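Here's the structure, in structure tokens; my notes come after.
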Amino acid sequence: MSKPIYNRILLKLSGEALQGDEGFGIDPSILDRMALEIKELVEMGVEVGVVLGGGNLFRGAKLAKAGMNRVVGDHMGMLATVMNGLAMRDALHRAEVNAKLMSAFQLNGICDTYNWSEAIKMLREKRVVIFSAGTGSPFFTTDSAGCLRGIEIEADVVLKATKVEGVYDKDPSKFNDAKLYNTLTYAEVIDQELKVMDLAAFTLARDHNMPIRVFNMGKPGALREVVMGTTEGTTIS
């Protein structure tokens, strides 16, 4: 039987991935499916860290344009990721997966504060670790948090789950002839200004040689396919 090509992964899930067709909030059926897909990886022996976005509940940048202080908006966005983290932890527990939720800032009584050595210890014990509250600082996206935590926990790859099959040369929702890339280099992404993630997050990954794999989490079984080394999605290295 073939083995996973990654021992430890950082899975970056957008908040929008959790909302399904609802347009807002959390779709319980999608949450449960994701929990079962993560469980499958754990049973294969893969160590899983998860970073969640919060865009399904709140977007700080959007309100900042309407006049809200950006720092306040970003703090609210960070709390939205904690709410998503609580939901994901609950879904994993219901799927009988041992999971720990950590926040970048103190939330006593709700979840643990992020601790690097503790996170590594839990991953080695095959517990899923969910990292919430972004980086804990405003002006940084959850993609930056995903790359940062991936580098810190020495993950083999950052898996960015999206609503499309991977990275295209142009927007596939607008252009029928958009070409899907199988592999790209960091330089190609920057030269062609391809939308993978924000530049701060992307350059952080590049500077630490952290491979990024973009794939469609909406496709059942895609996460397993990626971890098993199929050509699913786009690999950037």
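Residue positions begin at 1 at the first shown residue.
Cβ atoms here come from the backbone N, Cα and C positions, even for glycine.
Listed in Swiss-Prot for this protein:
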BINDING   LYS12, LEU13, SER14, GLY15, GLY55, ARG59, THR162, TYR168, ASP171  ATP binding site
REGION    20-25  region 'Involved in allosteric activation by GTP'
BINDING   GLY54, ASP74, THR135, GLY136, SER137, PRO138, PHE139, PHE140, THR141, THR142  UMP binding site
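Feature map: Swiss-Prot annotations on the structure.
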residue: LYS12; record: ATP binding site; Cβ neighbours (10 Å): 29
residue: SER14; record: ATP binding site; Cβ neighbours (10 Å): 22
residue: GLY54; record: UMP binding site; Cβ neighbours (10 Å): 26
residue: GLY55; record: ATP binding site; Cβ neighbours (10 Å): 23
residue: THR135; record: UMP binding site; Cβ neighbours (10 Å): 21
residue: SER137; record: UMP binding site; Cβ neighbours (10 Å): 15
residue: PHE139; record: UMP binding site; Cβ neighbours (10 Å): 13
residue: THR141; record: UMP binding site; Cβ neighbours (10 Å): 20
residue: THR162; record: ATP binding site; Cβ neighbours (10 Å): 21
residue: ASP171; record: ATP binding site; Cβ neighbours (10 Å): 10
Show me the subset of GLY54, THR135, SER137, PHE139, THR141 whose Cα is within 10 Å of SER14 (ATP binding site); these are the binding-site residues I mean.
GLY54
Which sequence-distant residues neighbour the region 'Involved in allosteric activation by GTP' (20-25)? Criterion: at least 6 residues beyond either end, Cβ under 8 Å.
56-57
Rounded distance in angstrom between the Cα atoms of GLY54 (UMP binding site) and LYS12 (ATP binding site):
12
PHE139 (UMP binding site) versus binding-site residues LYS12, GLY55, THR162, ASP171 - nearest by Cα:
GLY55
Between any two of GLY54, ASP74, THR135, GLY136, SER137, PRO138, PHE139, PHE140, THR141, THR142, the residues recorded as binding UMP, what is the biggest Cα to Cα distance in Å?
15
Say you check the Cα of GLY55 (ATP binding site) against those of the binding-site residues THR135, SER137, THR141; which is nearest?
THR141
